[in-house]
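Among the features that TrEMBL reports, active site, proton acceptor is placed at 34, 255. Feature annotation from TrEMBL assigns substrate binding site to 128, 303. What TrEMBL lists as domain 'Alanine racemase C-terminal' is 234-360. Look at TrEMBL and you will find 34 tagged as N6-(pyridoxal phosphate)lysine.
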Ligand SMILES: Cc1ncc(COP(=O)(O)O)c(C=O)c1O
């Protein structure tokens, strides 16, 4: 029995992939599985996504791309965070395509002389990574003139896609269109271009271009609170209660004695702490689901444990019962994000440390 587990529902991943694929119609669907598939286990979920409509995969690093290949993913993979100082040989040998975010990156690929397919990452207003407009001509010309390099298209990333009314979305869209026109004027075909992440995909069909890069929604979460596209959350995180013990009025629990019982009652101890990803700042904001009922977490979050107030324990919570930190039977990732002043993206990336992933549904491998 695992003390701490993240259950991943592969049927939910399959459902979400099919739903997104249907929603974007003829547009290609790139499934973003960086950060180990947003915490779901990239190799395992990617294979389910591939079987249910994903046309290609997006990762941040070369290592993530290599791990996908090792997991048996055959479809195209694009990696967009890499350094010209890195050894690219292994990644290029297994056909990992690269995003090119600067002149320095373009030069490195030209000098490498190895056949490579690339997508140029143009900065259209995010001002994070991406080729500055002043360098567009230089990068596009360098890549165009290198016979061993194939430019498949351009991509860019929206700063405010989760605020559909924000005028910066249209400004970026316009800049992106200008970059595509420029590439074509310079003689590059750029057949596959992409701008939209999950919120862009769901709210701006006019900006889909030839491909959308979707992450969060494939894991079953809405990128904008209040939207409902019928997605199914794929992850639940839970621990097995290690102790249920009495507490008397005036007694406190956990370090610093920051919570004191006002009545006779019961506490449950759950073996998950900040070493497993629960930030100390969640103190008093997290409610843990046990037997379908929510109970408040109380006192300091420790390295390995949290304490939950069971009140009078009228439902007879016992050691080894499952305590859901988020997901089915507990707070939703959305509710926990709202309670802890963050976004659902961060919540699903939380389980780390001693958590074991348990896969349910899908094709049993
Ligand atoms: C460049 C890029 N494209 C696409 C995505 C996917 O975004 P989302 O999870 O909102 O679909 C990300 C994620 O942050 C990203 O960094």
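Heads up, the Cβ atoms here are built off N, Cα and C, so glycines get one too.
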Quick one, of the recorded positions 34, 128, which Cβ has the fewest other Cβ within 10 Å?
128
Between residue 128 (substrate binding site) and residue 34 (active site, proton acceptor), what C-alpha distance do you get in Å?
17
For residue 303 (substrate binding site), what residues in its own chain, 6 or more apart in sequence, show a Cβ-Cβ distance under 8 Å?
273, 274, 275
At a 10 Å cut-off from the C-beta of residue 255 (active site, proton acceptor), count the other C-beta atoms across all protein chains.
12
Taking the Cα atoms as reference points, how far is residue 34 (active site, proton acceptor) from residue 255 (active site, proton acceptor) in Å?
36
Helix, strand or coil by DSSP: which one applies to residue 303 (substrate binding site)?
coil
